[in-house]
Amino acid sequence: MRAFHLAWLSLFSCYFSTFSIPPLLAVLRQDLNLSASDIGHAGTAAFAGSVFSRFAMGPACDLLGPRLASSALSLLTVPVVLSTAFISSAQSFVLLRFLIGFSLANFVASQFWMSSMFSGSVVGRANGVAAGWANVGAGLAQLVMPMIFSLIMSVGVSSSYAWRLAFVVPAIFQAVTALMVLAYGQDLPDGNYWSHNHPRKASSKPRENVFGVLLHGLKNYRGWILGLTYGYCFGVELTIDNIIAQYFYDRFNVDIRMAGAIAASFGLGNLVSRPLGGVLSDEMGQRFGMRGRLWSLWAVQTVAGLLCVLLGRVDSLWGSAVVMCCFSFFVQAASGLTFGVVPFISKRSLGVISGMTGSGGAVGAVVAQLLLFSGSNKFSTQTGISLMGLLMIVCTIPVGFIYFPKWGGMFCGPSKEPSSMDQDDYSLLE
Amino acid sequence: MAAHGEPLWSPSSTKAGEVLKAGQDQLTVTWSYNQTFPAGTDSAYKTVKVKLCYAPVSQVDRAWRKTVDNLDKDKTCQFKVVAKPYGPSNNSFTWTVEKDIPTATYFVRAYAYNSNGDEAAFGQTTDAHKTTNLFEIQAITGRHMSLDIASVCFSAFSIVSLFGFFYMEKRKGKLAQQK
């Protein structure tokens, strides 16, 4: 359990750091003379870095163990967060967000760590709760950063100094959690990788070729489909985290702390919604098998898409806030439901599939930001939000194409003779 | 609020075409009633508000500074210079540029209000296309030496502690293997 708390807390701090910038954009854009395009590019950059870092984190965990890999990444990104004190141009702002975004790879490390420490029957819940509680970091940052900023200003400091100083808080938090992971965490129930001479590899079947495992995962079409759908639930969640505070600030003329509070309620829903998504997936899996898991994923994500379309069209402040809360519940549950299906795709290449899905989330966020919220668009933010909802609905349809010979798919039952080729892929989590 | 009408004022500011430093330099604005308009048009004016407004070059790609006809939603002029009771001539005010004005290109606009608080007329220091007589303001940078040093020190601590732990892990591993 100590590993569980260390894992979600350190990932929480990474999300907190990455999303500590959006709530203060209204101040930053004046000080750094940012244009809407600059802000859009920076938002895209925040996720672009994580596409690669999430993919690379899988092998890094294999090599070093999740404890060292995740704390190394956290400690290496602390200087980046601190360098917020130095930036004074749009280019350095974009670079800053790009580099901080690397820390989001710790998601893969935390899921890997949970899978190593928890038994098969509860790993789904462990993953769901760890990821959900960590995502709350994005929401809490939206609430807390404006408060820290106002607190520093109330002492008499100018606004342009106050925001620079405010970023010391996420930096210290990230460093502390990383050091705690190093001091108190362990990779496996019986110890650490390095002190036990890689027992995980020694005790398993003959050492798999890393490339073989990688290729095996990449060839599995289900991993690609889930990467796409995760891109349009989790990716949308990341995009909303980036734009929502500014949206409420600009469209409804609320002050920076109120905008932060409203934006925070989006991310805070993760406390229950993502874990509930995982629980729903497990319940549907028990009653209806894989078909239940896939149908519930499709249904929840489609409802989330519809609510997103609605969010862009609501004209009142409180109407928007209410729709946003409902939307947050469904989109985060969809993320939890996605990782209720991921463990079943391949046992041999679980790390690769998780990495593909996780990267897909970041890619979805990058594409959504570039297409819809880059500042140089001809349409307004609210239209962009509605279009994103439509995109979500369309990109959830491929879930219907997922088919497991052993368990069936959304529209077809399991095949009568089990396919001999895929035999060892599905020997998992019975 | 209706769209802007004909300018009935002729404000002017010193320092057109110059760069002013926030918190330090001063701006002097003078304004008077435009005598070419019929006498008595200005009998409704009660107060004057002088504002600092973004020039179009600073509004490009920045929707939070957009000019819209509806004055309630217009975001062109976000900083108040001074508010004074109306007088037809000999009005001037010297303003020290406030510390929190951001870096951008500006012009000055003076609004006249009637007793209901509605905008009745306006005038600006630039032409109708907002291209002449603009001036720049340079904001105060938020960077401080003390924060820079603290950031560098803490970053160094972060990296050193990481490598420290790595080294300790390796040593523990070697010791465990030797046993």
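Start at 1 and count along the chain as shown; that gives each residue its number.
Cβ coordinates come from backbone N, Cα and C, glycine included.
In TrEMBL, the annotation transmembrane segment applies to A:352-373, one of the ranges A:242-263, A:352-373.
Most Cβ pairs under 8 A with the transmembrane segment (A:385-404) among the ranges A:6-27, A:94-113, A:294-312, A:352-373 are made by A:294-312. Averaged over the domain 'Major facilitator superfamily (MFS) profile' (A:3-401), the predicted model reaches a pLDDT of 86. Between the transmembrane segment (A:6-27) and the stretches A:68-87, A:133-153, A:352-373, Cβ pairs under 8 Å are most numerous for A:133-153. Residues of the same chain lying 6 or more positions beyond the ends of the transmembrane segment (A:352-373) and with a Cβ under 8 Å from any Cβ of it are 40, 43-44, 47-48, 50-52, 54-55, 57-58, 104, 107-108, 111-112, 213-214, 216-218, 220, 223-224, 226-236, 238-239, 242-243, 335, 338-339, 342, 345-346, 381, 384-385, 387-388, 391, 395. Here the transmembrane segment (A:165-185) lies next to the transmembrane segment (A:68-87) in space: the count of CB pairs under 8 Å, restricted to residues six or more apart, reaches at least 3.
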